[in-house]
Structure formats: structure tokens, C-alpha cells
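Some features that TrEMBL has for this protein:
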{"type": "DOMAIN", "residues": "A:37-316", "note": "domain 'UvrD-like helicase ATP-binding'"}
{"type": "BINDING", "residues": "A:A58, A:G59, A:A60, A:G61, A:T62, A:G63, A:K64, A:T65", "note": "ATP binding site"}
{"type": "DOMAIN", "residues": "A:317-591", "note": "domain 'UvrD-like helicase C-terminal'"}
Amino acid sequence: MNSYDENDAFEAAAAPQPAGLSLSQRAMAARPAPYMDGLNPAQRAAVEAMDGPVLMLAGAGTGKTKALTTRIVHMLNTGRANPNEILAVTFTNKAAREMKDRVGRMMGGADGMKWMGTFHSISVKILRRHAELVGLKSNFTILDTDDQLRLLKQLIAANSIDEKRWPARMLAGLIDSWKNRAWTPEKVPSAEGSAYNNRGTELYAQYQKRLLDLNATDFGDLLLHTVTIFQTHPDILAQYQRWFKFILVDEYQDTNVAQYLWLRLLAQAHKNICCVGDDDQSIYGWRGAEVGNILRFESDFPGCHVVRLEQNYRSTPHILASASAVIAGNSGRLGKTLWTDETEGEKLRLIGHWDGEEEARWIGDEVEALQRGTRHMDPHSLDDMAILVRASHQMRAFEDRFMTIGLPYRVIGGPRFYERAEIRDAMAYFRLAISPADDLAFERIINTPKRGLGDKAQQSIQRTARDGGMPLLNGARRLLGDGGVSGKGAGQLRAFTEGMARWHEATLVPDYNHITLAEAILEESGYIAMWQNDKTLEAPGRLENLKELVKALEQFENLQGFLEHVSLIMDNTTEEQGAKISIMTLHAAKGLEFPAVFLPGWEDGLFPSQRSMDESGKKGLEEERRLAYVGITRAEKLCTISFAANRRVYGQWQSQLPSRFIDELPSAHVDILTPPGLYGGGFGAAAPAPKLEERVAQADVYNSPGWRRMQDRAAQRGTSQPREAKNTVIDLAAVSSFTIGDRVFHQKFGYGTIGGIEGDKLAVEFDKAGPKHVVAGFVTAADQSHDLPF
DNA sequence: TTGTGGGTCTTTTTT
DNA sequence: AGACCCACAA
């Protein structure tokens, strides 16, 4: 089967269409359609506005998917379009699947909706039909980032560029960003000429040529080539414009320039385009998304309907008020005011911790409390809870903690199934068996498992193949015939090429059993054995994944079909049993909702991310703020924000300041769970830090049992007694090191605070004030320390 | 050819 | 701290 053959819905367009509405359709349209029940006026308006462009500004939790799917159902039911005349585009397969499911549920099947999918999957369908116009054959392959990087490395080496100074990743990122902006090599502006040591454009052109030679595309090409075809072949564009009577776009705020052009070209004739988005949830600027697209919609499509969905069905008033207050800090918004009928609900909770481990500990306890149910909350399943972090490395502290207390968790968005090394290796074996000319697959697996074929041997294979103008696999065969490989490698290479020949034969048999074949390939190639002999910890998991892969084959008729599918669908489909708390990044959380959400790590530099602010300034900060908005609005009932005063960053302890977003939270909607003033930074607007004198007055360090214990110990050891230095302020810049509890910190603090949890011993060492001297104290419950009131 | 030790870098992620 | 990548030695 070739999926590019089955997609010929386009031909069906030539079939005569019913003129106007049928009687039954008119009857349907006349009475209020039952599927409209339960829509609010705004949603209804979004569903019914059919004459001209529509911009649906849908805030978080306002039922935009409901409006979007109902709109599709409405178009179908009123006979405005056939299922295959509606182009519905999303960004992720998950979103496409959900939309399909929901339309299917309302209509009793969404079979005819052939043009509902991601930008990329739809582009592939179009591109397969017109591949020759951009120099490809219709059975082109789609490279993943791994292949892409390997290709670029070869090019860089061939151009004798020092890959150390000019990494392939950098070039890949550059090319990707150019493709996101719909720039072919000729169109890259000369201002970009200095990129990649002045050779960026040149290498880009070479890379594109190499891709055509391989009859391959990368992900960016799928859109870029399609746009090129539309721009250079008006007749073809016109066909599609006629064909797609209505266009719907989800998450419009995340479109990049290429996608924007793609849409505008298709929509410019009839202008029946409906874009749904939320400018406040644009969080993918760093990968080319242009908030400008949504901000500009009204001038792009003059006379468009703008519908605002503002009634929120998800969150409590406190959560909405907090999210709104934070996002209000951004400028240039289209502006929305989320509101809700609900009046009940818990305030947000804000808590500071001593360090990241303490934070994880506290959240673990809190999760268990929520499971049991608390004074304020009914018992909740772990499935109802999520921890949303800014950066994926933050997830580890929680994994560690949950592992030790035996709390079931799931990490969402980790390394994806199809991106794991063992899966890609296995797929490369399948690819080579099906297409013996797939050189990239050959390179990946020729020495995996180790066959004694290192650099040298591989280079001779490359040379032989190039001289003979043949694929690498054939080159290897010829080299073997010529006796060009010696020693152990020869025997193993022969076994490999013979195996490949055998497996390739097998794929040519009509209706071959692809599952048995796949198992045979992995077994006979020695790939399974490689992992079985591997005694490292992750080996069993990898074998498990391979089994999983073979199982996934069952849903396909043959290996070809499977590979075609997998190149576009990269999501992890394995759903394990049992209730688990979810841990994921804020980015991965978009589109999801949970009754209880934890937002840890709200510290300046981490969130908002310092790098984001350094690289993109105010623009970066605003995107971070949108991320905060997304995080808070994921919560339905309970949202807990936390930060730590100290955190290990790249192996170094660093003192942290609370996030500036904490200062933007409205104090009336936030419960502070930490004694105010615990940390010098205070809680911003929610609760400003008390004056130092007040905090010193509250401190009762010297009456604590701990203080006495310290005195005892000093006496025992014959060292000097801890010095009393009450009501003095320490210049933190003079602190060279300090210890709290059993941790020692060697760091200069130009600013900030030092704190501990109750019971921590605390000692500070100075180096500026003459000879080193040490003061020591003890952290009490009342004064978990700040500017060291000794 | 394969294993190892030192140097480098460190946000977010879909297709 | 930890992952990754490359250069070098066995």
C-alpha cells in the first residue's frame, strides 16, 4: 500500500457536487440543531459565522475545541461543505486525533474528513501528489533530526569546516529557522550572509541539493516545498483553493511564517478561514512561531468576524484572577477578560522552601495529603494532579523523591518512543530491508551491533559505492567480492549483506507476514543479542521497547505502511495502567487541565529563564509570562506555586530570588503558607518582606535548644563559643562561606538572603573583616533566617 | 577497532 | 553534577 495513493480525495472533488441544499439538509437547518445545545452565545456566534474570515479568540478553558468541532458539524449538517472539502489543521497529532474523535462522536463517524490533520501530514499528502515539481519523486522519505544531523556533519566535513567551532547543531538550527520563515536558499536575505562563518547560505544550498539526491525531505521541507509549489504554480494552487471550501486552524498563535503563507495562499480566494487561538498562550516563539500572525489577523483579513470566548468553565475565580493579573503585565495583547460563574474555590497557595529537595519533599507530602483528602479538598486521584516545571532537568528532583516514597508518577514528554536509539536502529534495519538504497539507514546500522567495521572499513565502502555509482549496500557487496575487507569484518559484513538480501526478498512476497519478518530481522542481525548481552541497567528496558515496537506493527498491513506512518507520528502512545501524578514541562502542559497543579521553581533566572531574557529581552520575558499564564490556567481547583531559596545549578549551589511573577500575583487571591519574611525577598505584592529590624526582633535564636547544644559542643571541643551578635546586619558581600545543617556553601553573595529550615545549625565565615572569624547560630521555627541577624 | 578519559556545555519541543 | 563528544591509547 502507498498512503499517497489512498489520499486521492482530490480526484473525488471532480465528482459533481450537490447544488445547494437538499431538502433534508434544509429541514435540518430550519430547526435549532441539537448539537448547538449547551453552547454559550459567543461559542454559538463562532459556530455560525460562515460568511468570511473568522478569528476566534479563545482564552484558556473557554471551550474552544467544543466550538471548533461544533462548527465543523454545523458546516456538514447545513450542507455547506462535504467532509472532504474541509481543511482542518492542528499542530500536533494529539490535537488532530482529539478533533477527529469529537467530530466523530457528534456525527457518528468522521471518515470522510481526509483533510483533518497536522500542517505536516497535510503537506505530505499534497507534496506526494506534486513531488516532481520540486525535484522529488512521490515516494520521497522524510528524515528525522538524527539523519539530518548526520547529513550535515558529512557536508561540514566535506567543506573542511572545523565542526568544533561551527557545530552541526548550529547549522541545523539555522536552516530550520530559515525554513520556518519560508526562505529557500535563494531567498535567504543577504543580511543573514554572515551566519555560520559566512557559509550558512552556501551550506544550506548544498544540503538542499543533497536531500534531492537522496529523494528525501526534512520536516521543514514539507511546508517549504508545498508553499513553493503554491507560489510557482497558480493552477495547482487554484485547484486546492476550490477544493478546500472551508479552512479551520487551531492554535493559530503558534504558526510560523511558512505556515502563515501556506494558509494565506490557500485562503486568499474564498477567505472562508476560521482561526482559533489565544495570543496569551503563544509559547513557541523560540521555534519560529510568530505571535504577530494572530495580532495581525484583522488587517490580513479585513472585515473578519472576531469572536471572543471569555467564559471559563475550568478554573475557580481565584485561579482566573491570578492568571489575569500576571498576564496583564504583557503589552500588545489583543485583550480578553476571563470570567466564570463559579464563586467557590480555594485561593492559590504560595510557599517558599529552603532548597529544591525540601520543595520536592513538601510537594510529595502534599500530594499524599490530597490523595487522602484535606479539610478543603475531597480526596483526589493521582491522575488529577500535575507538577509543571519550566525546564526538564527540574523533573529529576521529583522523580527521585517520588521514587523513595513510592508515589506512582508518569513523566510526560521525556524522550519519545520513536526517538529512542534502539527504536531508530530497529527502524533503520526495516528501512534498509525495504529500500536497499537507503544509505542513511545503512550508515546507522552497519556497525550496530559491532561488526568490526570501523571508520576505515566504512570509508572503503563509501569509496567503492561512489566509484560505482551505487548505494552503500551494493558498494559493500562489491568490496567484499574484490576482497577489499579483511579479517573478522569480512565474515560479519558478508553475513550482514546476505541477511539484507534475504529480508529484502521477503518484503517482495505479496502478503508477507511482516511481524514474523521484523522479528527475524532483529534476531538474525544480532541486534537483539546485542542488548541481551548488555549488562547495563537500561538494557532490559530497551528490549522491552523493541517488543513494544513489534507489537505496534500489528496495526499495519506491512512494514512500508508502518514506516510511512511513523515518520510523521512521533508521539509516545504507551499508556500504562494505574493512577499516577504527571510531571511535565509547562510547554508540554498546554491544552491539558488538572484539578490540582503544582508549579515549583518560581525563581528569577529559572522562571523566568535568564537565558530567555538575555537572548530576547522584553520579548523573551513576555513569552515567559505567557508560560506562567499557561501554567496557572491548567489548574481547575487548586494551584500551588513554590520556590526555593537555594538550588543546585550545574553542580553549584546558588542562592535564588523569588520569581518576579510572584510579585505580580494578586495578594487577595493567594494564601501564603510560609511565615512572611522567611526569605528576604518576601512575596512581592502578595506580602512584602518585613523590615529587617522586625525580623531580627522576632528572631529568638539564642533561646533555642539548638543554640545551647552548639555552646555545649564548642565547650566540649575547646573551640570558641558562638558569638552573640544580635541586631547587627551582615554584609553578605563579605561572606566567604557558610554552613547550614550539614551543607557547606562556598560562595560570594553580592545580594540575597540565606535561610534554613527549623533545626538547621547555621554558621557564617567572613573574610573581609580582618582575620577570618566565625559566627554561629541556630534556625528556629519563628525565624528561618534571612539576612543573618547576629 | 574499541574503550576510556578529559574537555565542553547546559530551556522550552513538534513534526 | 552529568551527559555528550572527541581525541588518544591499547
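Cβ coordinates come from backbone N, Cα and C, glycine included.
Where TrEMBL records a feature, it is marked here on the structure.
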| residue | record | contacts (Cβ under 8 Å, 6+ apart) |
| --- | --- | --- |
| A:A58 | ATP binding site | A:K64, A:A67, A:V276, A:G277, A:D278, A:L309 |
| A:G59 | ATP binding site | A:D278, A:D280, A:R308, A:L309, A:E310, A:N312, A:K336, A:L338, A:T633 |
| A:A60 | ATP binding site | A:D278, A:D280, A:Q281, A:N312, A:R314, A:S315, A:A323, A:L338, A:Y629, A:V630, A:T633, A:R634 |
| A:G61 | ATP binding site | A:N312, A:Y313, A:R314, A:S315, A:L338, A:E593, A:T633 |
| A:T62 | ATP binding site | A:L309, A:E310, A:Q311, A:N312, A:Y313, A:L338 |
| A:G63 | ATP binding site | A:N40, A:Q43, A:L309, A:Q311, A:Y313 |
| A:T65 | ATP binding site | A:E98, A:M99, A:R102, A:D250 |
Checklist entry - With a radius of 8 angstroms around the mean position of the C-beta atoms of A:A58, A:G59, A:A60, A:G61, A:T62, A:G63, A:K64, A:T65, what other residues of the same chain does the ATP site pick up? => result A:D278, A:L309, A:N312, A:Y313, A:R314
Checklist entry - Which number gives the other C-beta atoms within 10 angstroms of the C-beta of A:K64 (ATP binding site), all protein chains shown included? => result 21
Checklist entry - Does DSSP put A:A58 (ATP binding site) in a helix, in a strand, or in coil? => result strand
Next on the checklist: According to DSSP, collapsed to three classes, what secondary structure does A:G63 (ATP binding site) have?
Outcome noted: coil
Item to check | Mean per-residue pLDDT computed across the domain 'UvrD-like helicase C-terminal' (A:317-591) | outcome: 85
